[in-house]
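Annotated in TrEMBL:
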DOMAIN    22-167  domain 'CSC1/OSCA1-like N-terminal transmembrane'
DOMAIN    193-367  domain 'CSC1/OSCA1-like cytosolic'
DOMAIN    379-647  domain 'CSC1/OSCA1-like 7TM region'
TRANSMEM  20-43  transmembrane segment
TRANSMEM  105-128  transmembrane segment
TRANSMEM  148-167  transmembrane segment
TRANSMEM  380-406  transmembrane segment
TRANSMEM  426-451  transmembrane segment
TRANSMEM  471-493  transmembrane segment
TRANSMEM  513-534  transmembrane segment
TRANSMEM  586-609  transmembrane segment
TRANSMEM  629-649  transmembrane segment
TRANSMEM  661-681  transmembrane segment
Amino acid sequence: MSDSSSSSSSSGTDTDNSVPTFVSSLVFNLVVAAIIFIAFCILRPRFKRVYAPRTYAVNKEKRSSAVSSQPLAWISAIFRVRDEEIIARVGLDTYMFLRLMRTMFIIFFVLSILSVITILPANITGGGDAAGMDRLTMANVPGESGKLWVHIVFFMVFVVWVMRTIFGELKVYTRLRIWWLTNPTHSSKVGASTVLVSTLPSALMDNDNKLSSMFNMFPGGVRQIIVNRNCSKLEKVVEDRNAFVGSLEKALTSYAVKCEQAHIKSVKKGVAYVAPKHPMTRASKIPFKGPKLDVFEYYSTQIASLNQKICEMSGDKEQFKRQSSAFVLFRKQMAAHMAAQTVLDYKPFSMNSVSLDINPDDIIWSNLNMNPYDRRIRGYISFAATIGLVIVWTILTAALVSLISIDNLKKIPALSSMTNSKWFGLFSGIVPAVVLAVLMAVLPMILRLLLRLEGTPRVSEVNLRLLHRFFFFQVWNVYLVMIFSTAILTVATDAVKDPSMILKLIPTNVPKSATPVLVYVLLLAFTGAAKEILQIARLVLRYVLPLLFAKTPRAISNAEKPAEFDWGTSIPVHSLIFLMGFSYSFISPLVNCFVAAYFGLFYLVYRYQFLYVYNDANWVTGGLSFPKAIQQIMVGVYISEVYMLLMMVAKIADNVNANGIVRVVFTALTLLLTVIAHLYINDAYLPIINFMPVRGAADIEANPKIASMFPDVMSDGDMSGDTLETASTLTAEHKARLGFYAAYGSLVPKKLIDYVLHKVPSLLDPRRFISPKPGQGKTDIADEEEAIMSDESPPPVLNVQTTTTDGFLPMPTAHHYNDENALGISARRSSQNTNVLSIDSANAMQQMPMPPANLLAPGEHAAGDNSLSIHSYTSATELRQRRSMAPSATSMAKRRSRFDTASDRLEADAGDNALAEAFSNPALRAKPESVVWVPRDNNNLCDELHQNVRTWGAGTIHIVTDCVWIDAKCNVKADVEFDPEAAAGVVENVAVSKAPTNHK
């Protein structure tokens, strides 16, 4: 009787806690998500630099077309982009990630519908005594009930479907991987045929001839070998020089603003202008020690001295000791892949680390001189530290979660009378998930540091290795410790008293953890997806912090760099959600619905973010994160099968019968077949993922056109078969049909796709996928960066700084905007005189002639109007105050966007000298010249100071005043796309220098 009472009491408690917790969490997350999505739809057209930087801040061929300001126009825009176009714009890594999210959404969408129809009724009518949310779970089905076969059959069918999907997706990926490796967009880059060889033996490190002869064994031979050098002393000099340049830019910018302010005051008061005093500083780092020095003279002379040192030190590279790593540039791409798979030395650990597809911007230069034994010791230490972090985070997570649980809060006398309030239900449904999310956000920074300390040579490799480590943390700390802690502790506590009760407690206590799973998925599905698309942190960083901290043009420019996607931490989170959903798919069908919502919302959000926001120019692995994500999905399948096996065994603990034994056998057989399938995946697909197959390379060499065609990824034929791009042989409708096969062929049979397309023929209409090309679509007036050129504007004139090469006025900085639309102001170039900028307003038209070139200081670039747009002005008065100055034709010819990456310019036909420089340590690439990017005041009051700075700098300081100005409120504004180093010619230009016809 006492047991019965206890059970009843327990059920009542569960009813009181589980339902309010779930409902409060659902309502809260839905409301917050709705508010955030509405805010995004309102803010998106007004803040283009946050919500659509890919429409201008990337290479032109990778830009997305602008979207109108209609609240939901972005949804239709992102779904008009075809799969092959996504790969062309954002790369294979992004496409495979989006494809994975879409696949998971479809799986759980179907899973949720069928589980609600089959498993949920079986659970509700199971005949058990569970209450509250537990009545919807498997805990309400007794072990002797025949309804458990519904769970078994349902689970086995979906395991088979998931495994079939994994096989299909890997088939698609292997086809796309080969196509990506051989496509001219990738293969034409020098990095595609370059390898980084680490742990070189001393005999080869100091002997270029031996090193070349060894690698010449590969087909095509070696084009060039660049052995890395220890440049620590030079790096320190370059670092000091750059610090002084930053200080000089800050001082000159501040002084220009003060001059402008002083001039405005003198005009208002009608008195003579008095130049502000130069700021003073001391050479000593100790406060108040040493004489006071003029800031501009001191910084300039220090820069000149350091530039002289850089010139002397970099002139003779042989003075820098060689390191035990080298870049080997092959003439053929296949040679690089063969070298990466070959045993290069007969000594242990010698040349055992070879990296493919090298991008100089991706290299961690400090990790290139590590001997193999040091690297291994560091790896062991890092692994031990990771285990230690697991233990510490386990204790910390469990402690925090237990402290904020309602059961423990009831023990506090001051809160005992308040725990029955609805607010405590809200508290228990939200706070634990938020605390866990905060803890998990801190962890990746520590893991990244450990991986770098191991000696990992590339940033991309750090992120790829982080995928598995962070996933392990997610599974252990989030899933097992936090969510399962209550069930595990309950089972363990009761099992100590009576070990025979373990199997009886599992089927009743494990399903109770379904509510915490639901709460966590709800938090990430609705609030998490909404926060991802709103990008509130980026909004603050770009529009608030620059007002407070970004005072120089370079600081303003750096504050507005396009966002990058965090691959190392994002994929494990989504893999964890799959694990949670699939492991509870048969226990609590309600979980499937919210996991489907999670993947659906994130697929929608990520599709927009990757097409319009994220710019991962340096993350180019050819989709290598995808097979790692597949391995994490397999972990979820295994855990779900172990759950099912334990549940079936536990269900027959009290009553062993033939029916129950058969259910256990079927579950165990499912687990065994999954293991066999996983072994097949590892043997069949993994060897052909990392490296380019010889047969594929041979087919491409025989018919190079194949590499330019998007492949039929579901075909079992040769690479020379039909493709999606053979417009001459395939109709547009057939191409659209092949596109559906490629997108959904791994999920469902082709016959089902043909049936749907037959019933809905409009899906094959090619016009569904036609979207305006970047720059061709008409932007809405609400757009922050609306093109303001009139229709009758003449063709662009390159020697006029007020225009860009595409005929539009360049974009201004992202902050300090006011509503100028009300002024009715528009700006356009005068078609009669290219040296006149015509500015029309609602009330007046003014013409401002360009100053003659002879008024400019020698060697100085004119104050630019490159970023001129209607949004640059804060008042009509500023239109009269603003001066427009034209740069020289040389300056415009040298102009290059700062968003152009080195890898994009590193073509295979670049010259040997250019390649040697590109693959050298950044300190060796540093020029013995400095570019100072500062504004010029509107009255040329700083011209004499600029000339003095050039004199003090001994000709090593270039002052660039293009694309930066001081507005009427004395705020500094700049064109964030402008590259001052390129304008001054102080950059290496890899693409210009062509390769010689004969290589030595």
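From the backbone N, Cα and C atoms, a Cβ is placed for every residue, glycine too.
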Closest-packing stretch to the transmembrane segment (586-609), where packing means Cβ pairs under 8 Å, from 20-43, 105-128, 148-167:
105-128
With a cut-off of 8 Å between Cβ atoms, can you find at least three pairs linking the transmembrane segment (20-43) to the transmembrane segment (513-534)? Only pairs 6 or more residues apart in sequence count.
yes
Before we move on, state whether the transmembrane segment (629-649) and the transmembrane segment (105-128) share at least 3 Cβ pairs under 8 Å, counting only pairs 6 or more apart in sequence.
no
For the domain 'CSC1/OSCA1-like N-terminal transmembrane' (22-167), what does DSSP give as the number of helix, strand and coil residues?
108 helix, 0 strand, 38 coil
Residues of the parent chain within Cβ reach of the transmembrane segment (661-681), under 8 Å, 6 or more residues beyond its termini:
148-149, 152, 155-156, 159, 163, 166-167, 170, 630, 634, 637-638, 641-642, 644-645, 648-649, 651-652
Taking a Cβ cut-off under 8 Å, which residues six or more beyond the ends of the transmembrane segment (148-167) line up next to it in the same chain?
103, 107, 111, 114-115, 118-119, 122, 138, 141, 582, 585-586, 630, 633-634, 637, 640-641, 644, 648, 651, 663, 666-667, 670, 674, 677, 681, 746-747
Average pLDDT across the domain 'CSC1/OSCA1-like cytosolic' (193-367), rounded to a whole number:
91
